[in-house]
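Comments concern the structure below.
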Amino acid sequence: MRYLPLFVYLNNKPVLVVGGGIVAFRKVQILQKTGAIIQIVAKTLCLNLKTTLFKKKIIWIGKVFQISMLDNVFLVIIATDDTDFNDMVFKYAEKRHILVNTVDDPAKCSFIFPAIIDRSPILIGISSGGQAPVLIRMLKEKLESLIPMSIGYVASLAGIWRNKIKQHITDIVYRRFFWEKLFYNGQISLLVEKGNFRKANRVIKDAVLNQLHNRKQGSVSLVGAGPGDKGLLTIRGLQVIQTADIILYDYLVNPDILDLSRKDANKICVGKIAKKHSISQNNLNHFMIQLAQQGNNVVRLKGGDSFIFGRGGEELQAVSKAGIMFQVVPGITSGIGVAAYAGIPLTHREYAHSVVFMTGHKRHQGDYKINWSLLSDNKQTIVIYMGQLNAVNISKNLICHGRHIYTPVAIISRGTYLDQKILIGTLIELEKLIYMVKKPTLLIIGDVVSLHNEISWFGNG
């Protein structure tokens with residue numbers, strides 16, 4: 001380890017910045033957040049530094065560097081393009097055992113600035129010691145996207161309660177379990193993201209009381225897993241999955257997504273394939289509520305988006321009625337994700353001015369209560385979930401109500417997976433084509449399907 005990572009307290013500490021250009025200004029911006037007393041020595045100041053000086057955020061102590069300027073300085077930042085001058089200042093500072101950073105010159109640095117992820121009071125610094133700055137930038141971008149902005153306020157809230165909880169929960173092991181449960185639960189982060197700070201504070205207070213009285217709190221998170229490819233899971237979805245105590249998932253959820261959960265999370269398959277349910281909807285609702293009431297952070301993980309033909313609304317009605325805290329994390333619905341992976345734009349100025357999503361699954365026996373005339377517009381794209389179930393009936397009704405028999409049709413199975421299969425035909429051919437692919441399938445009907453051959457980019461076209 002060439003560099004020791006440290007977090008330095010600079011509040012009211014004198015820091016000398018040598019240089020007055022834009023590079024110096026960038027370092028000043030970082031230093032301002034620490035409360036340091038920032039002194040500048042430079043012949044001239046760039047416009048940004050002049051503005052900062054006008055606001056009295058920095059002190060311009062001189063135009064020419066003097067050795068005496070190093071007196072009582074905590075650290076020095078050198079930001080000029082004069083190599084010889086930089087070397088001189090560095091040597092003077094080194095002799096006085098003052099920490100020095102010379103911008104973009106690691107050989108003249110006794111400390112370096114890491115890439116900083118600021119979720120104050122939580123701070124993360126990343127560095128390669130100057131070996132791979134582009135790689136560090138990529139890592140920073142990755143972490144920035146994964147760490148919620150709310151985590152800083154959550155940490156501050158925990159700091160406010162830390163001593164009180166220490167007084168109430170004296171056993172160090174139980175206290176650690178308390179904090180782990182509180183943070184894994186995700187309720188506080190959810191409330192903070194909504195701006196409900198008072199309720200977030202109340203959750204901690206209630207958690208302390210519940211701990212003292214041996215009561216538990218739980219929650220339900222409805223998460224859309226996307227159409228298949230685990231890369232289409234949202235960042236928010238990943239964050240919530242990783243807080244789950246129990247995951248209730250459908251058959252269609254990619255196992256690779258389940259592998260992203262905590263190792264100690266209990267994963268339970270609850271079915272949900274058309275005409276093949278391992279558990280009834282009412283029993284599932286009751287089971288989910290029961291788990292949450294036992295104090296578990298329950299994630300209900302569904303393929304696609306939970307609110308589009310996913311019965312998510314029905315499940316949350318039951319959860320809400322039971323008085324359990326819940327949240328919803330949208331997912332990329334199959335109609336959009338699968339179409340994109342098939343190279344089929346659902347709208348196009350030349351071919352389609354609107355798109356309709358419908359399901360091929362009927363809740364009860366009998367005919368659809370569908371306005372077929374509305375779907376007969378040849379400038380409209382129709383996307384049918386679980387389309388294999390009633391494809392013949394759908395085809396006949398569309399043709400009967402004026403849809404052209406040669407309207408292009410796409411039948412897609414295992415969409416967004418590497419082994420996805422796409423069959424292209426026409427509306428009149430749908431009856432025979434539908435049995436050539438495995439369930440579940442997505443049907444796309446409309447002239448936009450003709451673009452598949454031109455812009456197909458993924459899988460088996």
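Glycine is no exception: its Cβ is also placed from the backbone N, Cα and C atoms.
Look at Swiss-Prot and you will find 1-204 tagged as region 'Precorrin-2 dehydrogenase /sirohydrochlorin ferrochelatase'. The predicted model assigns the region 'Precorrin-2 dehydrogenase /sirohydrochlorin ferrochelatase' (1-204) a mean pLDDT of 92.
What Swiss-Prot records for I22, V23, K43, T44 is NAD(+) binding site, and it gives sequence analysis as the kind of evidence. Around K43 (NAD(+) binding site), the same-chain residues six or more apart in sequence whose CB sits under 8 Å from its CB are G20, K63, V64, listed in sequence order.
Residues or ranges marked as phosphoserine by Swiss-Prot: S128. The number of other CB atoms found within 10 A of the CB of S128 (phosphoserine), across every protein chain shown, is 16.
Annotation source Swiss-Prot lists region 'Uroporphyrinogen-III C-methyltransferase' at 218-461.
Under a cutoff of 8 A between CB atoms, and with a sequence separation of 6+ in the same chain, the neighbours of P227 (S-adenosyl-L-methionine binding site) are G303, G304, I332, T333, S334, G337, V338, Y341, G415, T416. Sequence annotations record features per position, and here Swiss-Prot assigns S-adenosyl-L-methionine binding site to P227, G303, G304, D305, I308, M386, G415.
Residues or ranges marked as active site, proton acceptor in Swiss-Prot (evidence: sequence analysis): D250.
The annotation active site, proton donor is assigned in Swiss-Prot to K272.
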Top Cα neighbour of T44 (NAD(+) binding site) in the set of recorded positions D250, D305, M386: D305
Reduce the DSSP letter at G415 (S-adenosyl-L-methionine binding site) to three states and note it down. coil
Tell me the Cβ contacts of D305 (S-adenosyl-L-methionine binding site) under 8 Å, same chain only and six or more apart in sequence, or just say none. G224, G312, P330, G331, I332, T333
Within 8 Å of the Cβ centre of I22, V23, K43, T44, which other residues of the chain have their Cβ, at the recorded NAD(+) site? G19, G20, G21, A24, F25, A42, L45, C46, L49, A79, T80
Cα-Cα, V23 (NAD(+) binding site) versus M386 (S-adenosyl-L-methionine binding site), nearest Å, comes out at 58
